[in-house]
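The next block holds one structure in the form of structure tokens; read it before the comments.
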Amino acid sequence: MITTEKKKKNKFLPDFEKQSIYSLRYDEMQEWLVEHGQQKFRAKQIFEWLYQKRVDSIDDMTNLSKDLRQVLKDNFAMTTLTTVVKQESKDGTIKFLFELQDGYTIETVLMRHDYGNSVCVTTQVGCRIGCTFCASTLGGLKRNLEAGEIVSQVLTVQKALDATDERVSQIVIMGIGEPFENYDEMMDFLRIVNDDNSLNIGARHITVSTSGIIPRIYDFAEEDIQINFAVSLHAAKDEIRSKLMPINRAYHVDKLMEAIKYYQEKTNRRVTFEYGLFGGVNDQLEHARDLAHLIKDLNCHVNLIPVNHVPERNYVKTPKDDIFKFEKELKRLGINATIRREQGSDIDAACGQLRAKERQVETR
């Protein structure tokens, strides 16, 4: 729930007149109902309308009294996302550009796999981490998203899938923004979509990725939720990583590894390292050996990413043969590694690219 105290802690949260009803966890909805003279069991009815029947209006919650519906309308907004652009790839990937109620835009991606449908969600409008290969950072950070705005991304995609009787089975928090810079809202989002009264998406079917905000890695290690954890690494040496990811100047690789080791000691869970391959920068066999040496004592997996070209950035794709050689070298050194399947290569698939293109149109 967005309280005054939470807004003070998170200065980048929006100051809307009404909170999104989707921002409330199940326990918070129960608490709110009791505080307003209602019975606790109404929370189950409300969540069923929101997440199973997926109604668009509080007035559609017909088994609630008119008085309760009015109280809900007086206090909460039904967050709606307006689809500005929808791009569909020949491989079935769909990229949405959504407009928020204050006019800002965000991206959400639906990816189709043999094992189900995965949604990549955004946690911030823009990003201030400044990764030099990423379109998300163009224009900087505008604000954080409420938990309800993150939930609404999944719900909006799920409503689109309802027409073909499909469901969202996996969530990856790898869209625009640094999730650990919007930590409390991200955690509320995770608990909402994981709740069996809500979308009931299993914790092990959800992955959160960070650029390496070390204090929050320690916090995340203490959370009682079995979410998959990924770290955008991209280089094993500080010199290269600092050029790719300026955040590394604050959180050096050795300190990042200490935090990850702590996370594994606390959770006994595997970590995925995301490693984007940039031609002539971090894609040589010596870089593979540096990486293997850095992570050899960790329970981990390396996800090698053939990067999407971003016109505003100067990096180039590593040739396919070199990608395979890099993977082979890691495996030779005992590291579990795979090459991520490229999806959406014929649309604006790079993170933040579609939003950046729309911003260019707006400013012409």
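Placement of Cβ uses the backbone N, Cα and C atoms for every residue, glycine included.
Record check, Swiss-Prot: S-adenosyl-L-methionine site residues include GLY177, GLU178, SER232, LEU233, HIS234, ASN308, and the candidate from SER152, SER198, SER209 also listed there is SER209. DSSP gives CYS120 (disulfide bond) a strand state.
Take the Cα of CYS127 ([4Fe-4S] cluster binding site) and measure to each of the binding-site residues GLU178, SER232, LEU233, HIS234, ASN308: the nearest one is GLU178. Neighbours of GLU107 (active site, proton acceptor), defined as other CB atoms within 10 A of its CB across all chains, total 25.
Comment: S-adenosyl-L-methionine site residues GLY177, GLU178, SER209, SER232, LEU233, HIS234, ASN308; largest CA to CA distance 19 Å, whole number.
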